[in-house]
Amino acid sequence: MGLACAVHRITTIAFGTFTQLVRMKVFYFLAIFVVLAIALNFFRLPHHMGPEAVAAEELRLWKSGTIGLMKLFAIIFSLAATALLIPRDLEDRILYTILCKPVPRLDYVIGKLLGVLMLTFVALAAMDLLMSAVLHHRTGIVEAERVAFLQSHGYSEADIAIEVAEVRQHGPTLSLQFGILSIFLEAAVIAAVALLISTFSSSTLFTIISTILVYFIGFFMGQAREYWLETTNLGDSFLGKAAVQLLSLIFPDLSIFGLADAAIAGLAIPPLVALKVTGLAVAYLVTYTLVSWFVFADKEF
């Protein structure tokens, strides 16, 4: 009974947050994405590859542009929206109403984070659907042009089949979906970091700037950790390893979410790799959410 009530409270807060964010007219960005994605489909993007790789390079450049827009939206939205949640609820006195019911603060924190993640997921899914449709259409055009070019130059059927397979690797594939998933997971971790900072910060600007710093540090966290362990003797000690693990929790290693780069390059991403990345993202989310709860539980309003 208690668990069912908690789930009901969390889902109510999550859908309320979802509705609140929709009213902020976030989906205007989707309209911009639609226009840019369709416009890019009618332009030949400049490249510097030879004729033997021109087809794959054209698709790679198109994916790079559209996926870059998707990642930009996901990161900026998850950061800004989460940073505004608690201050907006305080300003509108919604927080006082919720906590006076009483609603456990853990349910409030989880519900708010889920609301942001729901809208981020819906927006990314809509952009992914459009991107996959346009990419499928564009891949068919590039494939037909490539086959006609190879046939006109007397290539064998076996060589043409190899070229066609390479072109299709840059089309809508399962690996591409794993890449989009990694973008969502990265945005989710950033949202959790922003939520944690907003629980002890009274300034939205401070929350945004601090989260941006954590974001950039997270890009170099993996390289810095490996360099530190290889160039010092502390990495062999228990304290050294514990310090590294602590830093990895404070500053998430965002390099693990680089599956989108592999998908853009047309590389195959094994499902186990995607599953591992998902597991690490869930671990980060649980950790940051629990810490947010501990901080938020003692905060006076």
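A Cβ is built for glycine as well, from the same backbone N, Cα and C atoms used for every other residue.
Note: TrEMBL annotation is automatic and uncurated.
Residues or ranges marked as transmembrane segment in TrEMBL: 26-45 (among others).
Long-range contacts of the transmembrane segment (65-86) within its own chain (CB-CB distance under 8 A, at least 6 residues past either end) are made by residues 17, 21, 24, 26, 29, 33, 36-37, 40, 45, 95, 112-113, 115-117, 119-120, 123-124, 127-128, 131, 134-135, 179-180, 183-184, 186-188, 190-191, 194-195, 197-199, 204, 207-208, 211-212, 215, 260, 263-264. Among the features that TrEMBL reports, transmembrane segment is placed at 65-86 (among others).
TrEMBL lists 106-127 (among others) with the feature transmembrane segment.
Taken from TrEMBL, the feature transmembrane segment applies to 176-197 (among others).
The transmembrane segment feature in TrEMBL is assigned to 204-222 (among others).
Feature annotation from TrEMBL assigns transmembrane segment to 242-260 (among others).
Sequence annotations record features per position, and here TrEMBL assigns transmembrane segment to 272-296 (among others). Counting residues 6+ beyond its ends, the transmembrane segment (272-296) has Cβ neighbours under 8 Å at 105-106, 108-110, 113, 178, 181-182, 185-186, 188-189, 192-193, 195-196, 199-200, 249, 252, 256-257, 259 in the same chain.
Outside the transmembrane segment (204-222) by six or more residues, the chain places 75, 79-80, 83-84, 87, 190, 193-194, 197-198, 247-248, 251-256 with a CB less than 8 A from a CB of the stretch.
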